[in-house]
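Swiss-Prot annotations:
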type	residues	note
ACT_SITE	D12	active site, nucleophile
BINDING	D12, D14, D176	Mg(2+) binding site
ACT_SITE	D14	active site, proton donor
Amino acid sequence: MAQKKQLYVFSDFDGTITLQDSNDYLTDNFGMGNANRVNLNQQVLDGSISFRDAFAKMLDSVHLSYDEALEVLKKNVAIDPSFKPFYEWCKSQDIRVIILSSGMEPFIRALFEQYLGKEEASSIEIVSNDINVHPDGQWNIVYHDDSHFGHDKSLTIRPYAQLPESKRPHMVYCGDGVSDLSAAKETEHLFAKKGRDLIKYCEREKISFSEFETFADIHKDLQKLFFSS
């Protein structure tokens, strides 16, 4: 009897797992402001600027120390309440969850720690950019790779997609915005958050997707797609 394929859930973090995008929150409130950020996002969608360059402009406009930025995010950025039960269900079903983020790992783990607890926050799989904190408390992003995305999420997914059919897992991706463009075509099923830029991109490029509002929606859809008898 053939062994049942494992399911891998790849997910963006900011704006997908979180209710607010942490990088957008910093940029809008302590940097260039909402209008300028939205304009840069539109330029990324249009292809007139790379995500890497746009993101650098956004973060460079934020004048907070690392500690200040971390405290601001912990006070103001919440995680989708349905993510914790979703994640616990995934673990119970041997579903591998991998966070693919264009954000920065120290911020991500700190937010997870508030909502999942220290043990889960330290063990959850995260592939993301990092942070270099300077002696004076200032900080800068350290990109994951040299791509024009800064973190090309497709590079993590593709090796699994290229496995022989018998060894290839089922794969889904969950995302919301311009940082997810590189991953949008890489999995067999895509979940795109309602009202966000990723849907605009998918509609323009004719990429099929399922719309979601919370991880409760994704939970239900995964049960129908992969666990219905």
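Every residue gets a Cβ built from N, Cα and C, even glycine.
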Given the Mg(2+) site residues D12, D14, D176, which other residues of that chain have a Cβ within 8 Å of the mean position of their Cβ atoms, reported in sequence order?
F13, G15, T16, I17, T18, D21, S101, G175, G177, S179, D180, K193, R196
Roughly how many Å separate the Cα of D176 (Mg(2+) binding site) from that of the residue listed as 'active site, nucleophile', to the nearest whole number?
8
